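Colleague: Sharing the features that Swiss-Prot gives for it:
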BINDING   171, 172, 173, 174, 175, 176, 177, 178  ATP binding site
SITE      375  site 'Required for activity'
């Protein structure tokens, strides 16, 4: 039997259908993919696209708009692009690339887009921030006057780093650049400084080893690791440094101190060169694009020490009376010690000083292989702790005199007493600057070692026994002068009482002969 509907039921059904119809119009700017090659997509028909805007592609894939041309847009795909085809629809999103930020990222390993890759589950933060941001202006900055202790005697005494400084670590491959940066991160344990380690274009096995070392030394808890491995696209390697910087800025903006390591910017420049050439931008010196200086300057200028007013304004009055800082340690790899190449000279001119590591010193067993002659810190001197500043003046002079005399002494058969003493002192200072990896040194221990060599207490100690003597001296002071060591570590001060205790303690230890 056929079902009959009343006219009233029919009108009710029609009304219900009409109510369910969505009338809200969504304005979408769409275009068509005309070519896909090497991670670059060209899109025809997109209008009103922003520089750096996210473009939505099929299968939840996104691309970053970099080339805005008259009739097309050149964009670099973030992630896998093998499923993309000519004729696919591309849509604008109206937003620029953002990454997750917050303390929840500490202890985690994420990729360049802030997605966790360590198998520890979701990040648990809803906060995001744009990867590109204008650096704080001059008005909002404060002078660098607080130290960042790296735990290296040679760096903290001769090339001190301050909070908010940019200090370049430069040298050939296999000279200990990453080791120095990782030790600096490990040494921030207990200081309140949060760390971000950005690995650009490194092997996944190398990054896994670094994460393991950080965990073993109790440093992963205060560190975010951003990994863009060698197997990832050039786009991910290019963007990773900016993503890491955004994560570090979160702490700076809220009146905290952060340290970021870019390892290394040479590989980022190569990735950017690859993207630029694929986008058919005109090449310049060494085939780099014309804006490769801006690539690094806009990144490194974001490292700063910001004023109390900046923090108060940013947090809308929630945090008052606190300055924030982001200290940057960019790493550059040179080829055969050539610091006059394009990218090294660029980064040297942007940063506030450089630590130059030499292959010859490294191979001679002087590690860290710091060349004190051409390494410099332009602003860190005012940030040095009082005790190290007071004691370290003689170190640089001793090394400079030693280098000058050592070259001269090769040709001279008989040396006068004063010259011989200077050479011997220089030998001992050079030996004393050696340090093992993953063994950062406290302020008190550094001060003890420097004081002992400056005051001539090590002149009668054989050079091959120096490091054993130093180790024994530190242990002796830890056992007999624990309070003094804690006081020096806490305050970094220097007075007659501390000097008297140092003199007495070193003399006592020398009489024991237990090294």
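Each residue, glycine too, has its Cβ placed from N, Cα and C.
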Colleague: Of all the binding-site residues here, 173, 177, which one's CB has the most other CB atoms within 10 A?
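Modeller: That would be 177, with the highest Cβ count within 10 Å.
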Colleague: Excluding 171, 172, 173, 174, 175, 176, 177, 178, which residues of the same chain place their Cβ within 8 Å of the centroid of the Cβ atoms of the recorded ATP site?
Modeller: 333, 357, 359, 362, 369
Colleague: Given the recorded positions 174, 175, 178, 375, which one's Cβ is surrounded by the fewest other Cβ atoms within 10 Å?
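Modeller: It is 174 that, of the recorded positions 174, 175, 178, 375, has the fewest other Cβ atoms within 10 Å.
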Colleague: What is the one among the binding-site residues 171, 176 whose Cβ has the most other Cβ atoms less than or equal to 10 Å away?
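Modeller: Result of the Cβ crowding comparison: 171.
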Colleague: Rounded to a whole number, how many Å is the Cα of residue 178 (ATP binding site) away from the Cα of residue 375 (site 'Required for activity')?
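Modeller: On Cα coordinates alone, these residues lie 17 Å apart.
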Colleague: Once the chains shown are all counted, how many other Cβ atoms turn up within 10 Å of the Cβ of residue 172 (ATP binding site)?
Modeller: 18
Colleague: Per DSSP, to which secondary structure element type does residue 175 (ATP binding site) belong, with helix, strand and coil as the options?
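Modeller: In the DSSP reduction, residue 175 (ATP binding site) maps to coil.
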Colleague: Write down the Cα-Cα distance for residue 375 (site 'Required for activity') and residue 175 (ATP binding site), rounded and given in Å.
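Modeller: With distance taken Cα to Cα, residue 375 (site 'Required for activity') is 15 Å from residue 175 (ATP binding site).
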